[in-house]
Amino acid sequence: MNELELLDIAVQVAGEAADTARRMRNEAITDVGTKSTATDVVTAADRAVEQQVIAALAARRPGDTVLGEEFGGAPVSAAAGGVRWIVDPIDGTVNYLYGLEYYAVSIAAEVDGEIVAGVVRHATTGETWTAAKGHGAFRDGVRLTGSRAVELPLSLIGTGFGYARERRAHQAAVAAHVLPRVRDIRRMGSAALDLCAAAEGRLDAFYEKGLAEWDLAAGGLIAREAGLLVTGLSGRPAGPDMVLAAPPALHGPLDELLTGLDADAGP
Ligand code: IPD
């Protein structure tokens, strides 16, 4: 099965999952737990949607492995040539909890350590961002090419914050230095949607320290396929220390600014 066929499956499954998330949001949210810290929440819907996604993928692709946010992703590697699905059932859980509409289902397919297909489905608007490796990035069928901004001081930069206090303190200090040097900063609450926003030019660029695989997998491919550079700082690969997604003209200046602030260091 090629990357476009895997993408088709991901799109179907993400659409069904987003419907469930939205439906459950209309019911009272009673079952709220916490994960890494008291601010890192999980709802019954996160778990129900992830279970639905795992079952839907298993029905279509028995034998594949799934790494999901809520169930700890027991199987983390697929056999050579096998597919590993990387799933964030609700990215933007805090928004979800508060009835803010910016949350999404994110599903990516990885083969031999490389993300080859990804979909991010905005659960309330239904907007769907997709990419298959080598085939470009799209929102609802419209090809994406990222922002045309060339000047950092005139750029709108998205970012996000982790859940641990020490990390947040560092991220706040970095943001305090970035803010006077750019048009403005947005912290919208879903890294997967933020990466899609950058792919589309709704943000000029995005950075965040501390993202998990499920936050990055689909949105990172979509941003790359839209022509953005998606890296860590100073030539390192994107990963938990830093994800910087920017069009080529902004990538160097933002990399330099963040490197100077040691944005990828610390807790
Ligand atoms: C979070 C969101 C948020 C980002 C955090 C993520 P979750 O994911 O993507 O925007 O800043 O780092 O953990 O907890 O809503 O799935």
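Every residue, even glycine, has its Cβ placed from backbone N, Cα and C.
What TrEMBL says about a protein is an automatic prediction, not a curated fact.
Given the structure is predicted, the values throughout are model-derived calculations rather than measurements.
Here TrEMBL has Asp88, Asp91, Asp215 binding Mg(2+) 1, and the candidate from Glu69, Glu70, Glu200 in that same listed site is Glu69. The residues near the Mg(2+) 1 site, meaning same-chain residues not in Glu69, Asp88, Asp91, Asp215 whose C-beta sits within 8 angstroms of the mean position of the site's C-beta atoms, are Val87, Pro89, Ile90, Ser106, Ala191, Ala192, Ala212, Trp214, in sequence order. Annotation for Glu69 (Mg(2+) 1 binding site): spatial neighbours Asp46, Glu50, Val87, Asp88, Pro89, Ala212, Trp214, criterion Cβ-Cβ under 8 Å with sequence separation of six or more. Neighbour counts of Cβ atoms within 10 Å were taken for the binding-site residues Asp88, Asp91; the minimum is at Asp91. Asp215 (Mg(2+) 1 binding site) and Ile90 (Mg(2+) 2 binding site) are 10 Å apart (CA-CA, integer value). Mapped onto three states, the DSSP output places Asp91 (Mg(2+) 1 binding site) in strand.
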